[in-house]
Amino acid sequence: MSTKASYLLLASSVASVASLLNPAPRLHRTFRRHTGDVSRYNSPTADNYLASLSSAPAAAEVSPPYEPSWEELTQVPVTLNANDWTALGKAKRLAVLCRLSVVHLTVISCASGGLLAGAAGKGNALRSTLWTATLCLWHLSHNVINDLQDLDVGRDESKGAFRRSYGCHPVAQGFVSRKDAMKVVFALTAAAAAGSAASVALAPACAWAIPAGLAATLLYTPLAKPCALGELLVYLVWGPAMVGGGYAATAGVHSPSVTWLASLPLGLGAFAMIFGKHIDKIAEPVRTLPKLLGKRLAKATAVSALIGQHVASLLLVRAGILPAACLLSLASLPFETRAAVRILLTEEPPAEKPSPDVSYRGSMLPFVPAKAWPLWYVAVAGWQAVVYGYWFTLGLGAAAIRA
């Protein structure tokens, strides 16, 4: 297979992942609209479900279980009760346990490293795909480890815990035993370790990124997060480690300019997203950076990171470090970015679950607050970061095919 054909295949794969966000993406102005189609988003939170048991009519007890679609499972965390969980197939149970919906930025950062190598004439689609798949496995493993670590310190045990209010926690809710969850961790870790070994064997230049990712997996929850270093760690992993490591794994050589400069826009997106998550949880006792800064300054910092993605892209293209095709990411500026900045700076999280009729439309993916609630700042920051990232990656794919 020729190099151009290989990168056409890789770019098509990235486009396919992006299409999961919205089966029919289209450009249009950001606005609120009434869709009239609300049944797909009706999923009770765990707390609301438990509270309804004593007051719901008998007919409600035999209503069909809610089964999230694969589109939903790849977009947002879903809330499930015991009846819903029992009706799920094994693949969807695994997707919920591993929080499949949050791996988009990993796909974007890892694929971008390989596509940057392709744009520089040093591409290898097989090695790039191996790197991306391996890092996704590490991420999924870390998600389960993170949930177990939070349970170990008593953070998510109660029914009213914030983590359980926005998404199913199979272990805390008793759907999956700790033993079975650890079996999943071991299986994912073994597969990720095998992929890492293969990547290093094929391209020793990427070896430095593997221990960096492993350290992040093990140290994020117990050390970095409570010491206000979690946000910096996320930037370093989703920026320099994944992008720079992906370039090295694909090209076979390390590039400091890619690792520390070309990775900046994508690292800022991940930074803004985790900042939003910690703003949402600012009332918790964990000493995150947003908690130290205060809510107002923390929101301004997240906005600066989102705007900084576009500024960094323009400067890096002008400096010749990024190909001009990366500026396809500007498609998100008047839509997702504009709406995200406005929401972060001027709108507070709604006290009650918003109507499913309300949505903010963008260039690729609509933001439906009801789907993410009670997540708010992380949802809107992630919406911008993911859409920006896919436009950025598609631009890189075009540059790699042309190279």
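Glycine is no exception: its Cβ is also placed from the backbone N, Cα and C atoms.
Where the annotation comes from TrEMBL, it is an automatic prediction and has not been curated.
The annotation signal peptide is assigned in TrEMBL to 1-19.
Taken from TrEMBL, the feature transmembrane segment covers 201-220 (among others).
Feature annotation from TrEMBL assigns transmembrane segment to 232-252 (among others).
Taken from TrEMBL, the feature transmembrane segment applies to 258-276 (among others). Sequence-distant contacts of the transmembrane segment (258-276), counting only residues of its own chain at least 6 positions beyond either end whose CB sits under 8 Å from a CB of the stretch, comprise 105, 108-109, 112-113, 116, 230-231, 234-240, 242-245, 247-248, 289-290, 298, 301-303, 305-306, 308-310, 312-313, 316, 319, 321-322, 326, 329, 344, 376-382, 384-386, 388-389, 392.
As annotated by TrEMBL, transmembrane segment applies to 297-321 (among others).
The feature transmembrane segment is assigned by TrEMBL to 375-401 (among others).
Using a Cβ-Cβ cut-off under 8 Å and counting only residues 6 or more beyond its ends in the same chain, the transmembrane segment (375-401) has close neighbours at 4, 7-8, 10-11, 14-15, 17-18, 21, 76-77, 104-105, 108-109, 111-112, 115-116, 118-119, 123, 166, 265-266, 269-270, 272-277, 279-280, 299, 302, 306, 309-310, 313, 323-332, 335-337, 339-340, 343-344, 349-350, 362-365, 367, 369. Here the transmembrane segment (232-252) sits apart from the transmembrane segment (297-321); fewer than 3 CB pairs are under 8 Å, leaving out pairs fewer than 6 apart in sequence.
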